[in-house]
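Student: Take this structure first; my questions come after.
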């Protein structure tokens, strides 16, 4: 037989799960244990003491002969006579009188013991009558027959419920126990419950929860008591805060919403280092991540809720079933029973009267069991009422939001909501503390504290570098926010914030008086009102790199003193048909607009800044730019770059830009430039860059663009240079590198103002002597050609500072290179063996640049 502890273990759950057991579940668990005890007690009693005792019902005599009076002399007859009489009675006599014997043991013994001996003297008949004969009735059954009939009548005469009540009660109780805790055992729900309880316990014990709640208490108290200074209020609200000499807590803090009197700054900045150490901070940040993932995992289903409802319905149905059939058997349990086993051929009797010694005990236990199951059932009905009375698949933290400063705690749904409702039945404080870890404001505060603890002023100083413009630059990458110490770097010129989604710029940025350039790379920074006012007046250059237009902060379009704006991101996806630059008209001082995207047309909104825009750059990343009409309105643009726009011809809209000075059409598909004659109307055009295209020839009409000073045709398919190019007397820079040019015309000598000539990567084999008449040349790149000799007249280029000859077919260098006094070894790009062919004095002259810095430094 099993013990009570072994069966009761079915009702056991992990101690940590008790927070998910409301009072009715606990009460039903105890009732189940009581029912289990009743069932086991009844079963034990039945196995050890359950007996049925039966006696035959003897027939009554029908006449006086059939019955011998107790004092009759026939009673004293010998045993054989009595046996014969007994046999005679068994064969044919019937009677209506029923008598019960006093013994169920062997009938021979009482017969010999109860009848008087026949050798007594009978002198006095009266004395004999005073000594009564035994009144019991003889059955003449032996012991085995009684055992047999007791067993037969136990199974035939007793109601089945009297025999199986303990076992049925035990089975019903076990089913109820399993039903009560099935949601703790079923794998698909058990895993979620276990995870929830684990996270809930950690959130409850986390120091960050205590700190956050203390901050909330301080903030609420300060809002109600604005009359108290920080030195008086801080010891009252923050028992673990810093020393009494801390700054006043009533100092107003300016944020995005305006002025706010609170003890927030002392509570966050000073006590955070003592209340929340680095280890606790890391654990709290891990908890936020766990809560976020658990919410996403649990909120998408309601399996736990449905399973709890199903098991409650099963328990209720079980209660109704038990109550209905059990109540019918209460009256069926009785002490006396009549048994007709139909074994006359074995026993000689047809009817037996039986007694059940456990009847009264079983009846009382059954009534007790019914009473307990009724209480159990009423609790089940109450549970169903609770389940369907309120929407348990929705949980609102409205009360927590009202009591705390975390107004962003979201409402939850489905299984997450149901678990929180169950926890509320245990202790609502768990949900309140758990809600802190659902708040983004709380998480941001934690990140801010940890961030400021890690990124101190000294550490930020070590990360400052100087950029190409010799400005102090700080680059912060993938942080949880912007450390407060950044805004103490008052001499910083450039600030780069990359991949910081929660970046906030406080009013302290007004201390950075040297800050003029800001980079926001995938960083939709939020600014406070005071910070915005400072940026609006002082910021000159802004770089914004984004994936979606929504990442461009709205305040960017309101920086009235901004001079340069760089926008890099996708502006032509399915969600971004038009660039969101509606507010560019507020950028009254914008001079340079750089857009690197994938536009199909020039946004019309750019015309809002047309009156003062001087430079427009569009890098289109290979997307074909189809509509360029908006360019016609940009009359003041001096520099225009349309790179990688898949243009096949020079856009006609460009010819309307009368103030255009520099045009860059790099990396397009331009094959012909017959429209170049129209550039003669652009009187100020001095630089034309048509490099990295597919241009085959330069039309002679280029001679009409007389003001050109720089001409770039590198990386095209040119095979020759037209004479018209050399009629551009103002030309200072000519770049025809990486083409198929095989000859340099002798007319090149006409370019008396030429300073930079690039012919690298062509097929030139001979250098005309007229080339060296361009005595103003400073840069001459002739690498990767087929040149076999360098004319001695190269010595006429006295201003030459860079000469590239590498990759040719030269066998020596002329000694006249020594006459190029501005040329040094660092500016001479040539193979080492060719350099060694120079005379020693020439090599020494070229190497003087190595010693000059040392001489200057002494």
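The backbone N, Cα and C atoms fix where each Cβ goes, and this holds for glycine too.
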Student: Kindly tell me whether the record in Swiss-Prot places residue 206 on the same side of the membrane as residue 689.
Tutor: yes
Student: Looking at phosphoserine as annotated by Swiss-Prot, pick the matching residue from 64, 241.
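Tutor: Swiss-Prot annotates phosphoserine at 241; the rest carry no such entry.
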Student: For the transmembrane segment entry in Swiss-Prot, name the matching range from 145-163, 164-182, 183-201.
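Tutor: Here Swiss-Prot associates transmembrane segment with the stretch 164-182.
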Student: From 283-308, 335-360, 361-386, which range did Swiss-Prot mark with transmembrane segment?
Tutor: 361-386
Student: May I ask you to name which of 206, 246 Swiss-Prot has annotated as phosphoserine?
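Tutor: Record lookup, Swiss-Prot, feature phosphoserine, residue 246.
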Student: Which one of 242, 248 shows up in Swiss-Prot with the note phosphoserine?
Tutor: 242
Student: When you scan the chain for residues with a C-beta under 8 Å from the topological domain 'Extracellular' (329-360), skipping those not six or more beyond its ends, what do you find?
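Tutor: 45-46, 49-58, 90, 98, 100, 139, 141, 145, 148-150, 152-153, 156-159, 161-162, 165, 366-367, 370.
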Student: In the same chain, who gets a Cβ under 8 Å from the repeat 'LRR 5' (612-632) while lying at least 6 residues past its ends?
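Tutor: 572, 588-604, 606, 638-647, 651, 653-654, 656-657.
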